[in-house]
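Heads up: the structure comes next, in structure tokens.
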Amino acid sequence: MEKAEYTVANKSDDTVVCYSPTMITTNGVWQGDNPLDYSLPLFILQLTLVVVTTRLLVFILKPLRQPRVVSEILGGVLLGPSVLGRSVNFANTLFPLRSVMVLETMANIGLLYFLFLVGVEMDLSVIRRTGKKALAIAISGMILPFVIGICFSFILHGNEAEPLAHATYILFLGVALSVTAFPVLARILAELKLINSEIGKLAMSSALINDMCAWILLALAIALAENDSTSLASLWVVLSSATFVSICILVVRPAISWMIRRTPEGESFNEFYICLILTGVMISGFITDAIGTHSVFGAFVFGLIIPNGPLGVTLIEKLEDFVSGLLLPLFFAISGLKTDVASIREGQTWGILAVVIVLSCAGKIAGTVLVTTFYQMPLSEGFTLGLLMNTKGLIEMIVLNVGKDQQVLDDESFAIMVIIAVVMTGIISPIVATIYKPARRFVPYKRRTIQRSKPDGELRVLVCVHGPRNVPTIINLLEASNPTKKSPICVYVLHLVELTGRASAMLIVHNTRGSGRPALNRTQAQSDHIIHAFENFEQNSSFVSIQPLTAISPYSSMHEDICGLAEDKRVSLIIIPFHKQQTVDGGMEATNPAFRTVNQNLLANAPCSVGILVDRGLSGSTRLAANEVAHHVAVLFFGGPDDREALAYGWRMCENTGTSLTVLRFVASDESLASTTELPPHMHDQDDPRILTAETDGVQEKRFDEEYLNEFRTKSEENELVVYAEQVVNNGEETVAVIRSLDIQHDLFIVGRGQGMSSPVTTGLTDWSECPELGAIGDILASSDFASTVSVLVIQQYVGLMPHETAAIPDTPPGQPDDKLANRWTPQASGTATPVF
């Protein structure tokens, strides 16, 4: 047996811990071995316990808008001596002292690589672009909390300590109180949908500067803490650190750039290069640890010198999930395991704790408000910005852990600071969400539908894309939408990205990258592919303008971003992909169930018309000229506002000389109408207002249908590529049979969603509806058993009333139908259709 000294977390005296270096793996329970006596099985169990506990807390605290870091620290506190660890049996069985060394070593390896990734993802060019305002906010937000830390250090640390030890204590306490956690702040801003706002950009820039200052102060604090005997050693540590940074910038960065140049564009990096860089992280950690600063400092600096681009993407893809999902929670758990709330014994200390929380929070807010007032920003924005700058996280926990390891912070001070970190970070999201309501200016505009858009005005379309697979069909659809000099199309391309816990997901919104700069991560690379495809379309087409954007949100609230953008940009139509995609065998399978939730929420809340695109490919069958593609489009018309909108879109498309349009109107036979007009016995009261309203609405909708169809037929009569036909059917079965006979001839169906409309021709179709959000007809066309290679666009017309708006009415004034056209409508027997022109 060998002996190792280790300090017990909640005692000041040293305890001798005996362990055997050979007891790593067990021989098995069948031979009488207890797996928990061996280091590897015990570590696996500890890791599992930590990950499960933190993930459970993430799930529980999610409704309270708590960032993941709060759950991870609380998970450690829960497993530590404050809660479960109070049970001696639990502590000695699952977290015995002999296991702490292995646990801390693995936690620090995870921390090493995580800080390397933070460095890789961080764009220092933001600091150069920030300007004086962000710099002033960052510095003022650090000074006041630092001063408060100095004041309270005398109360918490006492006056009897040596001057140098007290100076080190002040430095640790001041850094811990004044730091702002950049990755955690980015996550909070994204969840509150402020990341793209002016206040969000300012907060991110200030936090980045604050982070840099914190790293410098941390390096200084460690240098002082480790060399309390003489200040000359501290000077050597600072100089050595500066030399290390210089070597990284002047020698290592050019070497890595050479590796990147050696790799042809588009090809994956040589495994040898990747291994070299991953080894470099550990070497950097070893060097900085050896010269007297913490190993994470070296890993962070090494990450910063990695050039933004495909190498960064590769490193993030290889490391991020494993490091941030599995190893990093260990570090926070270790912090929690070291936190013993019981060590704060006196009521006076709890009072001091409350005062520290309030004053340090107020200090940051006051410092920020002073600067924002100087720059003439509203007081509410200054207060919110100050609150956001109070976000704590990883850097503070590193500061506290180093301080405890160096015995600068005792158990009581450490526990106080951990509680402060959790409370300050935990209260930010709920408070900001409650008090800060960005002034949402109301955008009144009338052209919320295609039907109401001016024929000689710009058509604005918002196209939502989940991934590159959605792009080709959408581009072909836009190409067929007839952009002309009189009526150009302005397309806002919105790449929808799910908000995850990754800092990299946040940064792609904050950093406006110049053209030609390489992508920072997989999401950004995917965005670049999508944007590139649409920009090519813009260059090769006339009268089309493209504006690419990215929305990063949880799927549950993504529709808010889409609706907000649609209203701000005054678009007439939102096109979003269906949640199912076609498989190789022609069937339809769901790609992500969350996409369906987005679509449903969008249909319920959209400020304009919405089209859901069922993508089965849409390519031109015949090339007519350089810019024209032949498309065969069919509009299935049943009646109602949605079908009128579908017809309006089809009408616009048929004005393109390369697009043929078939409009098939389904008419209920006299028999089916007679059977459906009979009211149930309880509704025979002639005075019932429900009957009167339903009858009035139905008559009015029919009148609108007739008027719009009249206008369409009059204006399209001379167009040889337009075919109008009517089909008399008795029920839903006959309707389906007619639709099935059409699928070979066309490559796009446009149908109305038909919400709120009931008709004998769709009777029974909704009984087995798989996707009700598409409506009865859209659901049939999108189903797997509908043997078709035809894409489908299901349109819902915006019919809601906004303030200062009038009801949506057809462009043609109400009046009697044209007799000549009325006589030319020739309904036929069921099963046949006669073209009129």
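Cβ from N, Cα, C; glycine included.
These figures come from a predicted structure and were not determined experimentally.
Here's what TrEMBL has on this protein:
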type	residues	note
COMPBIAS	825-837	compositional bias 'Polar residues'
DOMAIN	55-432	domain 'Cation/H+ exchanger transmembrane'
DOMAIN	489-626	domain 'Cation/H(+) antiporter central'
DOMAIN	632-800	domain 'Cation/H(+) antiporter C-terminal'
REGION	806-837	region 'Disordered'
TRANSMEM	40-61	transmembrane segment
TRANSMEM	73-95	transmembrane segment
TRANSMEM	101-122	transmembrane segment
TRANSMEM	134-156	transmembrane segment
TRANSMEM	168-190	transmembrane segment
TRANSMEM	202-225	transmembrane segment
TRANSMEM	231-252	transmembrane segment
TRANSMEM	272-291	transmembrane segment
TRANSMEM	297-316	transmembrane segment
TRANSMEM	323-344	transmembrane segment
TRANSMEM	350-375	transmembrane segment
TRANSMEM	414-436	transmembrane segment
Between the stretches 73-95, 134-156, 168-190, 272-291, 323-344, which one has more Cβ pairs under 8 Å with the transmembrane segment (40-61) than any other? 73-95
With a Cβ cut-off under 8 Å, give me the same-chain residues at least six positions beyond the ends of the transmembrane segment (202-225) that come close to it. 122, 126-127, 129-130, 133-135, 137-139, 141-142, 164, 167-168, 171-172, 174-175, 178-182, 185-186, 189, 194-195, 231, 234, 237-238, 241, 292-294, 297, 300, 385, 388-389, 391, 395, 398-399, 402-403, 406, 408, 510
Using a Cβ-Cβ cut-off of under 8 Å, list the residues of the same chain that are 6+ residues beyond the ends of the transmembrane segment (414-436) and lie near it. 64-67, 69-70, 73-74, 77, 156, 173, 176-177, 181, 184, 188, 191-192, 194, 199, 335-336, 338-341, 343-344, 349, 352-353, 356-357, 360-361, 380-381, 383-384, 387-388, 390-393, 396-397, 400, 403-404
The transmembrane segment (168-190) and the transmembrane segment (231-252) contact flag, 3+ Cβ pairs under 8 angstroms: no
Residues sitting near the transmembrane segment (323-344): Cβ under 8 Å, six or more positions beyond its termini, same chain? 9-10, 47, 50-51, 53-54, 69, 72-82, 85-86, 95, 100, 103-104, 106-111, 113-114, 117, 350, 353, 397, 400-401, 404, 411-412, 414-416, 418-419, 501-502
List, by number or range, the same-chain residues at least 6 past the transmembrane segment (134-156) whose CB is under 8 A from its CB atoms? 166, 169-170, 173-180, 202, 205-207, 209-210, 213, 352, 355-356, 359-360, 363-364, 366-368, 370-372, 374-375, 385-386, 389, 412-413, 416
Contacting positions for the transmembrane segment (73-95) when only residues 6+ beyond its ends and CB under 8 Å are counted: 9-10, 36, 42, 45-46, 49-50, 53-54, 56-57, 61, 103, 329, 332-342, 397, 418, 421-422
Intrachain neighbours beyond the transmembrane segment (297-316), with Cβ under 8 angstroms and 6 or more residues off its ends: 112-113, 115-124, 215, 218-219, 222, 241, 244-245, 248-249, 252-253, 256-257, 259-260, 263, 268-269, 274, 277-278, 280-281, 284-289, 504, 517-522, 525
